[in-house]
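What follows is one structure encoded as structure tokens, with my remarks underneath.
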């Protein structure tokens with residue numbers, strides 16, 4: 001119980017929540033460097049866009065989009081710092097690691113959309129090629145190249161660094177890797193730089209700057225303005241080819257798929273868990289990527305009835321924790337299904353199972369109307385079979401008879417049934433026979449034994 005507030009404070013708006021979280025990130029000294037690079041990036045983007053307008057170069061515009069992508073990468077780095085500060089909450093029980101995955105996915109998709117926009121503008125320029133001014137083309141190229149490389153090499157961007165290594169190689173990386181092997185065969189000292197594969201962001205920055213330098217030279221020498229459009233298409237294709245594998249990888253993480261490179265290791269660990277002492281079955285296993293480098297999973301383990309739950313849980317967790325950092329293990333013991341004879345308890349002073357049986361006695365209409373096969377009325381005008389018998393406990397009460405025979409199974413139940421003719425010979429087919437009152441128990445389905453009455457004489 002707490003204090004009752006009559007006037008509760010209104011909840012914060014979305015802008016207020018974002019401002020609060022931004023202040024939380026800005027309080028960390030590590031974020032100051034990123035914020036400084038972000039401010040410089042905005043100034044650089046402003047100058048580059050003005051130079052793109054003055055030179056009328058679409059190739060420089062395509063290269064400027066890489067600088068805008070650097071701004072997205074800086075925002076992703078801030079989100080990564082914010083994720084490390086936040087702790088899991090009841091709403092986000094697995095933490096906030098998926099926010100940085102979403103930031104990487106959004107950044108790469110926006111870069112591909114920019115590349116598609118450049119391709120569309122380039123297709124229109126092929127029909128009517130405008131004049132290109134080269135006054136600030138080369139200056140803008142070197143400013144963008146210097147700032148992009150300086151940002152990529154100065155800021156340690158954990159999410160993009162992981163994605164660039166884990167995602168599949170782009171076609172630009174593959175072609176450069178083939179060229180690098182040839183160069184490293186002549187100069188082995190360069191193998192540490194060019195092999196196994198170059199950083200895709202550094203590679204696209206250098207390739208785009210090289211395309212703009214070729215564009216500047218061809219326009220200055222021959223006034224060949226169409227090369228600017230061709231360079232823009234080349235930069236757009238390189239951007240799309242570089243960002244597409246990263247989008248696919250981050251998208252699979254968002255879809256909670258299992259990484260292909262850990263499936264074999266997971267199968268091996270599950271086989272080891274199934275061979276542990278006391279483990280009968282491992283089922284309902286599900287493993288997915290929670291964030292970059294973080295694997296989560298859940299598994300159900302069925303153990304023997306005499307096994308120690310805590311010991312099995314410790315062994316299973318110890319085996320799987322080497323690969324799965326966030327693990328949920330549910331252990332349940334094996335249970336045999338036992339048939340229950342009664343749904344309610346029976347008092348000992350009411351009924352003794354060793355001395356009595358319950359016999360539900362049907363009330364028949366006439367012996368001559370019986371069918372010797374189905375014991376139902378054979379006349380077409382008779383009611384349906386379900387109405388030919390009185391339900392035990394409803395219209396006719398069951399009869400309690402003394403047990404005078406040997407009880408082979410301990411409970412006094414006689415197994416097997418008497419022939420139908422013997423039942424008729426005892427007079428049980430006559431209406432009104434066996435209509436004595438008695439107790440009704442939950443053992444309605446227990447087979448009864450037809451015998452004598454309490455006096456030991458056959459019924460009339």
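In case you wondered, yes, glycine gets a Cβ from its N, Cα and C as well.
These figures come from a predicted structure and were not determined experimentally.
Per TrEMBL, the feature domain 'Cation efflux protein transmembrane' maps to 35-255.
The region 'Disordered' annotation in TrEMBL covers 371-391.
Outside the transmembrane segment (32-51) by six or more residues, the chain places 26, 60, 64, 67-68, 70-71, 74-75, 77-78, 81, 136-137, 139-140, 143-144, 147, 151, 154-155 with a CB less than 8 A from a CB of the stretch. Residues annotated as transmembrane segment in TrEMBL: 32-51 (among others).
Taken from TrEMBL, the feature transmembrane segment applies to 63-84 (among others). Long-range contacts of the transmembrane segment (63-84) within its own chain (CB-CB distance under 8 A, at least 6 residues past either end) are made by residues 21, 24-25, 28, 30-31, 34-35, 37-38, 41-42, 44-45, 48-49, 52, 95-97, 99-100, 103-104, 106-107, 110-111, 114-115, 118, 140-141, 144, 147-148, 151-152, 155-160, 204-205, 208-209, 212, 235, 239.
Among the features that TrEMBL reports, transmembrane segment is placed at 96-117 (among others).
What TrEMBL lists as transmembrane segment is 137-155 (among others).
Packing against the transmembrane segment (201-219) from elsewhere in the chain are residues 57, 59-60, 62-63, 66, 132, 134, 137-138, 141-142, 144-145, 148-149, 152-153, 160, 164, 172-173, 176, 225, 227-228, 231, 234-235, 238-239, 242: each is 6 or more residues past its ends and has a CB under 8 Å from a CB in it. Per TrEMBL, transmembrane segment is recorded for 201-219 (among others).
Marked as transmembrane segment by TrEMBL: 225-244 (among others).
Residues 62, 65-66, 68-69, 72-73, 75-76, 79-80, 82-83, 86, 88, 159-160, 163, 236-237, 239-240, 243-244, 246-247, 250-251, 253-254, 290-292, 294 of the same chain, all 6+ positions outside the transmembrane segment (96-117), place their C-beta atoms under 8 angstroms from a C-beta of that stretch.
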